[in-house]
Amino acid sequence: MEVTFFGTSAGLPTKERNTQAIALNLEPFSNSIWLFDVGEGTQHQILHHSIKLGKVDHIFITHMHGDHIFGLPGLLTSRSFQGGEDKPLTVIGPRGLQQFIETTLRLSESHLNYPITYIEIDNHFTYHHKGFSISAHLLNHGIPSYGYRIESPTTPGTIDVEALKSIGLYPGPKYQEVKSYDNFEHEGQVYNSDDFKGPAKPGPIISIFGDTKPCQSELSIAKDSDVMIHEATYIEGEKTLANNYHHSHIEDVFELIKQANVKRCLITHLSNRYNHENIQLIKQQLKTHEDVPNFEFVKDFDTFII
């Protein structure tokens, strides 16, 4: 799996960074792509990447602020002409999302050539799709804002070739049956497939947060995440300001990483007051502290393998 950032700025775009948009490539579990938030200009950012809109079959919106949704109408209409014809799309997000999209399309006399299924969240939400389990929890941002927890499918254990050879079964087409079914038959005897496979490997857990100040529900979303994507609008000494505006300070994120046992944190939604040089300098200063957890400040077009 891969995650790519098409926008990493908070509130307003800058010369270096666009507003919020994240793409999650589900391979090898699926050939689909999921988008999380679609800030203004997202479709233009995607033109600089190999991602195709026709492969996007789910869009998740964290909240209804403009820097997270103003790119939606244009991206949806462009999808009609970029491989999305007749390919269903599911759009998930807070109440009002369907009205925003349909009103914009109606007033602009725009027409889509594919169906959209809308799912609007009210406080808490659980969704299952092709082995993935997605849950959404309400955060604290003044308006309804959600964090998404994505639990990937479990990968079956690898075949124990030596164990199969011990019963006289050598590499061949029968091995696919061992991989795919609970039981298999060999020379008149039925065997349990699990006895000839290594332990199953849990898929990665990814948590993606909308804008929020610290709140209890963050722990449920982030717990044991292999990758957590979190906002830190304020990364210097502006903690009171972060709290007043229902945002997170970098120290808040560090505390969550430790409490939730997060393996890796990718920090986005940085205030537009910071340029690339500022961010790198602050990062170097933070890395000098012994108790700083594993984190990265991300920039537009960064891609990370999960």
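Heads up, the Cβ atoms here are built off N, Cα and C, so glycines get one too.
Quantities reported herein were computed from a predicted structural model and do not represent experimental measurements.
Going through H137, H141, H276 against Swiss-Prot, the one listed in the Zn(2+) 1 site together with H63, H65, D211 turns out to be H141.
Same-site candidate for Zn(2+) 2 binding, as annotated by Swiss-Prot with D67, H68, D211, chosen from H124, H128, H269: H269. Ranked by Cβ neighbours within 10 A across all protein chains shown, the binding-site residues H68, H141 are led by H68. For the Zn(2+) 1 site, the Cβ centre of H63, H65, H141, D211 serves as reference, and the other residues of the chain with Cβ at most 8 Å from it are T62, M64, H68, L139, G142, I143, S145, G210, T212, H246. For D211 (Zn(2+) 1 binding site), the number of other Cβ atoms no farther than 10 Å from its own Cβ, over all displayed protein chains, is 29.
Each of the binding-site residues H63, H65, H269 was ranked by the number of other C-beta atoms within 10 Å, and first place falls to H269.
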